[in-house]
Structures are given as structure tokens and as C-alpha cells.
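Quick notes on the structure that follows.
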Amino acid sequence: MPSQAVFLVLTTVFSQCVGKFPIYTIPDKLGPWSPIDIHHLSCPNNLVVEDDGCTTLSGFTYMELKVGYITTIKVDGFTCTGIVTEAETYTNFVGYVTTTFKRKHFRPGPSACRDAYNWKAAGDPRYEESLHNPYPDSHWLRTVTTTKESLLIISPSVVDMDAYDKSLLSKIFPNGKCPGVSIASPFCSTNHDYTIWMPENTKTGMSCDIFTTSKGKRATKDGKLCGFVDERGLYKSLKGSCKLKLCGVSGLRLMDGSWVSIQNHEEAKWCPPDQLVNVHDFHSDEIEHLIVEELVKKREECLDALESIMTTKSISFRRLSHLRKLVPGFGKAYTIINKTLMEADAHYKSIREWSEIIPSKGCLVAGGRCYHHHNGVFFNGIILSPDGHVLIPEMQSALLQQHIELLESSVIPLMHPLADPSTVFKGDDGAEDFVEVHLPDVQKQISGIDLGLPEWKRYFLIGVAALTLFALTIFVVVCCRRVRRRERAKPNPVELIRKVSVTSQSGKVIPSWESYKVEAEGQSQA
């Protein structure tokens, strides 16, 4: 797509302004000037940025960001909370039943949460039944405790994913970040110990659908990779690139802000935290049309200026500005010294701020120093005004500033993994700390005899009962002793008959009633 190629060309390989975007190109290396004829003038090819000597091309396949990729990656998931419901039932003397419900929490397991979510998603009645309170049981003068464990599923719970380290961002996570989910750790801990977060789809829920596969050509020199030609035919140099992972995929961030899945570039180092990648959304397509028109216009202006030079056999400083190379790389620089057209080999670099090349009044930095002008003329149409100020024609381009603002707004505004190393992956994943809890059956526990009294009344009743029992014991013991005494004092009936004696009227002891009777009868007869 030509608009894409132009858009990427305009931002290719800028200077050492880390995290910045180019606004102008200036020679950082400028060869000796040599006179030329006007027939040697040519318009630069700004569609190609080539490295010298990289002429060996071979086909290969790579991945790059999709067109229309949106910066925020949403991941649908759900939260799972472990709930324990207790039903405490007490039955008093008269059979009155009192039931009290209590709720506690427990730490759920990922497998049980996945089962509960599947039940809820499928409309399985087992999920609703698992949330019901336990059916209370009762026993006379006893407290019956019935417990039931349930898993409460709340969905959807949408979180953001950081494309740089595939971590998850949400306020429900500790410190607002979760290192991510995997087979070993299929969940994220939350701010509550009894709640975990899991993705809805275990297979595609965490995949980054932001890449597209493209075909291009490797550019090598003596077997060393130095660049490649992308699918749109645009050459991209690997100079200044750095290693960067997107969604767990290793690749290179090129200095134009684009990202490709090239991994075998030995010289590349890991990107610093502020090196983000550019995105290409649909809104930028509208601006790209303006950029394409501007580039075509620049090309036409350069050709018109060149035609005018050839026709009139005359040249001006303004016309020379059209011959400047608009992208970093090797090119030509032109100037007029003592009314003679001069040419020099140059290597262009990008700048971000005008102050980089105009640090003070009358100073134009080129080649690492304030460049010496010749009668107020520098090169590429840059001149010195009568009041001593450096004048650059492109400084008046409003569209250029609009293009820079577009690039800045296209940076992925998410946290880079190197920005805060303490929040990235930790040594231990908390998966093993969780117990695999499947929804258990209702548990019932029956206590001993309980009168349903408060604590102090219970002890008071126990004391009264003990005293009563003690008094009753004493009473029984006393009664038993009295009975025993009576039994000991009462004589034997046989012995009583034998020992009975009666004293007669005469004063004589009679051993028995019969003897007394016989004696009494004898006295009466006498």
C-alpha cells in the first residue's frame, strides 16, 4: 500500500533522540565540496533508504503489526469468589427452632472456578443450586451447624493487556498489575485473598491478535543482515534498532518506531524503557493521504525546480532546498560558493528540535560543529538573514508539524516491562498455594445437648445443679442412716418370745405368759 510506505519512509531512521520523532534532516557527515555542472543535479529518491553494499536479497517471512491495530487490548474474564454459608439451628425444650445464617470466605481453586463458570455460561441449574443456602436440620436440645461452600462467578470482568510484556492491568489486581496467565498459573490474584480472576477463553483469550504475516526480502552484505525490503517494497535499515518483545514475541523496534519479528540481528541490544513502538490505526490513514499528497507535491516541486534550472541555465538558493534528501541516509548536498555550483557527499541524520541544529544565533550545526557559511550561504537552501538569523525554508511547514503530532499520538501508551522491573514476573507463581476446591456436598455437624442459654447463665445453672445434687446426696445419705438405725434397734420376734417375763402379784417372776396364766388359775382355785 503506497500510503503505508510513504508514512513509514517519512519516519525512517532518525537521530539519537531517544523516544523522539524526526522533524528535519541535516548532514552529520559532509564531504569536500567539488564543482559540478547543472546537468549533474538530480532529485533524491526519498522512497528508498539503502545501506551501502547490502545488495544480496533473499525471500523470508516476518510478522508486523496489523493496520488498524488499536492500542488498548481488552481481555474478557471473570472473577471467582469462594463463599462458605453456615446455617446454625437450635431447638429448645418446647421444640422452638431458631436458625442463624452466617457467611465466610475461602480461597477458591482455578479448576473449580472454571467448572462453575462453565455451568453459569451453559445455564446449568447446578450453578444456581450451589448458591442456595444450606437446608437446616434440627435436633431437640441440640445445636446443628450445616455448612455449604459455593463459588460466586461475576462476568464479564474486562481488563487491559500490556502489549509489551503481556501483563494484565486493572484496579482489581495488587498494585494494578498481574504478570499474566499461563498453563502453570491460569489465574490472577486480586486484592482479596478469596477472589481470583481468570480469562473466559483459555485458548484465545490471552492471544494477541495484533500481528500479521508479511513476505519480504532480506538484505545482507557478506552474510550479515543489515536491512530488509518489506512487503510494500520499502527498504528498512536495521541500524539503530533494538530488541523488544510484543505480546511475548521477540522482534526488533526499528528507529522509525515500527516493529518486525526479526530476531537474528546480533548487534541489537534491548530497548530502554522509553522506546515504544508506533501503531497504525484507521485515523492515521486519513492523514497519510495528506502526507502522500505532500510528498508527491515535493517531488513535483523538485522536478519543476530541476526543469527550471535546466531551461534557464540559472540556479537559486530556494531551488536548491528542493534537492535535499528528506529521509536519513546517504545522499547529496548542494550549495553555491563564489557563484559556482558545488556538490558534496553527505550522510543525513534526523533531528527532533530546531535547537539541535540552531543552538544560537547565526550557528548552523552540521557535522558536529557550527558550519562556516560562504557569504551568508550554507547549503540546501539554508541562508543567513541580514540580521544574522539562520533561515530554513522547511521551518514554515505546518503540515510537517501535524505529521509529527500524529506520530506522537500513535505511540502505544502502555507500560513497558523495563520501566518497573519489580512489577514484572516474580520467582514464584501462586498457583501451588491454592487448593483444588470442587463444590462439596453440604456438611452437617450436631453438637451435644444445648439449652440455648448464655454463657453466664449456663455456668450458673451448672452450679445450681451441682448444689442441688450435693444436697440431694446429703439427704439420701441421712435418710439411709436413719433407716439403718431403726433396723438395728428393732429385736428379733423369736428372741422376743423367749425373753418375755411377767412379774406376778406375789412378786415372783414368771418366765412366760403361759406360766403366768397357769399360776393365776391355781391361785384362783385355792
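In case you wondered, yes, glycine gets a Cβ from its N, Cα and C as well.
According to Swiss-Prot, the protein carries these features:
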- ASN338: N-linked glycosylation site (CARBOHYD)
- CYS480: S-palmitoyl cysteine (LIPID)
- 1-19: signal peptide (SIGNAL)
- 20-459: topological domain 'Virion surface' (TOPO_DOM)
- 481-526: topological domain 'Intravirion' (TOPO_DOM)
- 460-480: transmembrane segment (TRANSMEM)
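Residue pair CYS480 (S-palmitoyl cysteine) / ASN338 (N-linked glycosylation site) shows a Cα separation of 148 Å. Mean pLDDT for the topological domain 'Intravirion' (481-526) in this predicted model: 60. In sequence order, HIS374 make up the list of same-chain residues 6 or more apart from the residue listed as 'N-linked glycosylation site' whose Cβ falls under 8 Å from its Cβ. In the three-state DSSP scheme, ASN338 (N-linked glycosylation site) falls into the coil class.
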